[in-house]
Amino acid sequence: MINLENVSKTFNTGKPNQVNAVEGVSLQINSGEFVVIVGANGSGKTTLLNLVAGNTLSQGGKILIENTDVTRLPEYDRTKWIARIFQNPLLGTASELSIIDNFRLAALRTRRKGLSIGKNDAFKEQVRQKVASLRMGLENKLEQPIGTLSGGQRQALTLLMSVMDECKILLLDEPTAALDPKSAVNVMAIADNLIKENNLTAVLITHNLRDAINYGTRVIQMSEGKVIRDIAGEEKAKINQNELFSWFD
Amino acid sequence: MDFYLTALLQGLCYAGIAYGIYISMKIFNIPDITTDGSYALGGVVTGALLTHNEPGYIILPAVVLAGALAGALTGFIHTKLKINALLAGILVMTALYSVNLTILGRSNVPLLTMPTLFTSIVVTTNVNQNSLFILLAFVALVTIIIGYLLKTDFGIAMRATGNSEPMIRALGVNTDRMKIIGLAIANALTALSGYLIAQQQGFADISMGIGIVIVGLGSVIIAETVINWLQITSVWLSLLLVLAGAIIFQFVLAFTLSIGVDANLLKLITAIFVLIIVGLPRLTTRSE
């Protein structure tokens, strides 16, 4: 599904504060895999995710999505495959717009936002049912600005929004880092469900080692811009928290 | 009474600027002051084409196109060359001064004897009332078009662009392109005000745009105060309030003149009036 061939990203090249955020990473992520990336701060996790999303462009190397070369493609042209969940719940939604408006845009992620009014009654009913499935009581607040909701609610809605339109890859950058423990557990459970139900290929960055153990089919550790551990399948299932913790020594 | 009717006519003429500023400032969050230039551009294009005896169905699209080009240029400089929006606006506005002078050929052209929008349709023989009917129809049409646009999927994407850029980019929108289109629409609307004013006042002047941005800002700020106060989310209601803002603004100016304030002080009064409506809500929230 995703092929990274020797991708790199250096910030402030040639200056004293040069950072080699990602250094020659090659990685193949198969369709339906749920990859968890762990690593210390500054190890290049987020930059790697941004390279896949197209938020930053790779210096050298190649990025393929479903065998299409997307290396030079800007972020907004990669959205036909990719949906993103940001660490900051404020970034994933437009706070002044209503819940329904946010969902309308999400429903058009892979398509043109044209000059017709698509926010009709049928669409509203569809969103109402999806939102009701969260059991947060938000289905009657669809016209409310999404900024009036809590971070946990917004993050849960953002997850739902990602599957409003055809989605193949879900990128989650510490989606629960800004949430309270209970909301965090809730949001991760919703994410895991969505990934399984829709058979998505997912990449999750997390600092929560329990999540790294509980979720995903493969775990990758990054350090100083490189992939230093890559464990999948049954081996991944066997990893316990102490062992994972020892990776960081 | 006629005094206030004139103010109402002016307010309706300025609806375009008010909508333009509403789109650039409130929807896209971009402080765009191409306004002064694109307003005068609308006026001088109207003046030049009228003196060349061009028909109305040519003049109106030409004005819209000219304004849109000016706005798109500011948008292009801002997004592609990564130049601060304020500076980009000032650059285009400054350049437009020469462009306007070239288009008009001289600094002022009288249009009183020309067949304008206001003389082409006769509903009543009273000139001012006739203008009122035409302006009401014209502004209603513009309001409906903008309101509809903001309700479409494209319009929602426009609103999201000014609100959360990372989000809308992750949803597949080229935000640079969106901003260029947005500023084009905003300045096309501004040019429409120049188009109306030139015909209503009977002349086109290259300096007619100086300081005009305050009219749009004032109108939008009046509207915004009410929008925030009543927590209005409806697109239609917001647009009507912006229109009301443009009219109230002219009424306040007419009132100041009617109580005998020196006309030379008008810009000072305007600035103080805008300061008061911007400052008042902040002062009252602080004391709470």
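Cβ atoms here come from the backbone N, Cα and C positions, even for glycine.
Any TrEMBL annotation is an automated prediction that lacks curation.
Keep in mind it's a predicted model, so treat the numbers as computed, not measured.
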Quiz prompt | Listed range which TrEMBL flags as transmembrane segment, given the options B:4-23, B:204-223 | solution = B:204-223
Quiz prompt | Stretch in B:57-78, B:85-105, B:132-150, B:180-198, B:265-283 most in contact with the transmembrane segment (B:204-223), if contact is a CB pair under 8 A | solution = B:265-283
Self-check item: Positions on the same chain near the transmembrane segment (B:265-283), where near means CB under 8 A and six or more residues out
Solution: 211, 214-215, 217-218, 221-222, 225, 228-229, 249, 252-253, 256-257
Quiz prompt | Segment proximity, the transmembrane segment (B:235-259) to the transmembrane segment (B:132-150), 3 or more C-beta pairs under 8 Å | solution = yes
Quiz item: Can at least 3 Cβ pairs under 8 A be found between the transmembrane segment (B:57-78) and the transmembrane segment (B:235-259), with each pair 6 or more apart in sequence?
Solution: no
